[in-house]
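Below is one structure; the comments refer to it alone.
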């Protein structure tokens, strides 16, 4: 007993009773003011960068096609000429020195304005039936590529031409997909409505079925492990009788070959048996804590039922995230197009002796096409955007700035949502008489309170997480650049670094989440709140692990139920297997029935994740409040427990008679 007490004191002393504490502190002050000022200055700089990008940028460079002279199609003097025609679209696949789509958009080294004659290769040598796509004339579906002189049907160039036509003919698929969406969008919305109702019902019904459902899920996991043990034993027995051993196989890179040796199945059997034994021991020795976890899940369901508006708060988070992402995308687009286009000389056969006198890749004027009869196909083509000027010279730094701003603002919005929901659910737990003592409009009160006092604390936590995420991005970039030249040892070291940063990010997210709960309840700064939350959880580490796993198992089942139900329903409806619903409920005629099914499944997953994220935040908040309640109070008339009667019964605790306690105001 003394050893356990010493271990608990190593993580701080239990919270002391505070007679003035009645739930989320209302008389609080601003926290982490310095970080708040830095965050606001950073946002102000972000706005300035956006304005600079808007002034110097020209998104027409990527939104509109442009001919060889640099003139835009569809705007200005070419307003009545919206489409770009490639005189020889096969130059996109016939040349190795082609400017890639990824770098400069759909640019091919073909002469585009009709200025000179066919002999000078400035007019199209052939015409194909075409159709506009992204402002460019591309060969129409089923059009046949012409026979080009000197090109055999067996060459890789011919294969490239065929591949080009396959890509261009994919436009027909996009048209069919658009038609399917036009025919089925209202049924997709109906499926999403079903997902919303199922998610809501699952959360609200947990107060009635949480216990039996958790028991069924645990027994199901035990059953799956037991079947796995049986299957591994059968495979091992058969291979053992056949004498198939790893000594006969040796070491091979063909991993599937290890399925046919007895040692593989023996190892799998041992692992599953160990997991089965651990789970059984947990059920035996941790049954009390599992009951507490179930009771907290039931209490969380009641809290959500009393504050239904919290279920729709993810919509606010979604709108704020959308604003952050759209602003970043527009700023990045304008920054990327802030330079002036540069043109250089290029020829498809620059290695010919006749082109030796022409210095390739030198700047040129696209308005005056170079004419050199000795070098066939000489062109003045677009190369890149200029890097001169203050904005252009600082372009890389500005791009880093906007990426950092994206991560920081997104993490701040997510932190805001967690802190607001924590404040609302904490007010539910610390209401002694429920629902009478629950404050009016708890969600809006928590939102205003968080913005007014704790913007800096949220920015502090978001900044720590952002720095780790930026480090992961930089590491991924380095790994991608050096992937071809790395030796096995370097790849192993890089993998270890990536794994460590991934674990660090997960830990910081966990710490931030609990810190925001403590901020919402007590109004302390980020560091103090993170420390108190961590110490409180470490003093109750076994309860933390049990509740976390039980909650994860339950929410996983809920997601599978919602997504699987919507997926099965969508499959039977869109494939026409549901009959007899009447003329108004007939399935639409579709080109690809799997498309609305996949969209419905994806939308159902997003909706279920939004609802269950609120429920998960509710469980975590109530759990921390429950631990604080245990340490602060003892059930006496002056220090009553705020937990539910179910939790009191599980812990064999009770509150003394409190005749005047009901009149106590929060």
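Heads up, the Cβ atoms here are built off N, Cα and C, so glycines get one too.
Heads up, TrEMBL stuff is auto-annotated, nobody curated it.
Source: prediction; values computed, not measured.
Sequence annotations record features per position, and here TrEMBL assigns transmembrane segment to 33-56 (among others).
Feature annotation from TrEMBL assigns transmembrane segment to 185-206 (among others).
The transmembrane segment feature in TrEMBL is assigned to 213-230 (among others). When Cβ-Cβ distances below 8 Å are used as the criterion, the transmembrane segment (213-230) is approached by residues 206, 268-269, 272-273, 275-276, 279-280, 283, 290, 293-294, 297, 550, 553-554, 557 of the same chain, each at least six residues removed from its ends.
Residues or ranges marked as transmembrane segment by TrEMBL: 265-286 (among others). Beyond its flanks by at least six residues, the transmembrane segment (265-286) meets 218, 221-222, 225-226, 228-229, 232-233, 235-236, 239, 542, 546 of its own chain at Cβ-Cβ distances under 8 Å.
Residues or ranges marked as transmembrane segment by TrEMBL: 311-336 (among others).
The transmembrane segment annotation in TrEMBL covers 400-432 (among others). When Cβ-Cβ distances below 8 Å are used as the criterion, the transmembrane segment (400-432) is approached by residues 22-24, 39, 42-43, 45-46, 49, 299-300, 303, 306-307, 310, 313-314, 316-317, 320-321, 324-325, 328, 331-332, 335, 438-439, 442-443, 445-447, 449-451, 454, 458-459, 461-463, 465-466, 469-470, 473, 512-513, 516-517, 519-521, 614, 617-618, 620-622, 625-626, 629, 640, 642-643, 661-662, 664, 666 of the same chain, each at least six residues removed from its ends.
Feature annotation from TrEMBL assigns transmembrane segment to 453-475 (among others). Below 8 angstroms of C-beta separation, residues 28-39, 403-404, 407-408, 411-412, 414-416, 419, 494, 497-498, 501-502, 504-505, 508-509, 512, 515-516, 519-520, 523, 525-527, 529-530 of the same chain, each at least six residues beyond the ends of the transmembrane segment (453-475), sit close to that stretch.
For 515-538 (among others), the entry in TrEMBL reads transmembrane segment. Remote same-chain partners of the transmembrane segment (515-538), defined as residues 6 or more beyond its termini with a Cβ less than 8 Å from a stretch Cβ, comprise 11-12, 15, 23-25, 28-29, 31-32, 35, 415, 418-420, 422-423, 426, 446, 450, 453-454, 457-458, 460-461, 544, 620-621, 624-625, 627-628, 631.
Taken from TrEMBL, the feature transmembrane segment covers 550-574 (among others).
Among the features that TrEMBL reports, transmembrane segment is placed at 594-627 (among others).
Annotation: stretch 311-336 has the most Cβ pairs under 8 Å to the transmembrane segment (33-56), among 185-206, 311-336, 550-574, 594-627. Remote same-chain residues near the transmembrane segment (311-336) are listed as 46, 49-50, 53-54, 56-59, 62, 200, 203, 304, 391, 395, 398-399, 402-403, 405-406, 409-410, 413-414, 416-417, 420-421, 443, 610-611, 613-614 (criterion: CB distance under 8 Å, separation of at least six residues from the stretch ends). Sequence-distant neighbours of the transmembrane segment (594-627) (same chain, 6+ residues past either end, Cβ-Cβ under 8 Å): 177, 180-181, 184, 187-188, 191-192, 194-196, 198-200, 203, 296-297, 299-301, 303-304, 310-311, 313-314, 318, 418, 421-422, 425-426, 428-430, 513-514, 517-518, 520-521, 533, 536-537, 539-540, 543-544, 547, 551, 555, 558-559, 562-563, 566-567, 570-571, 574, 642-643, 647.
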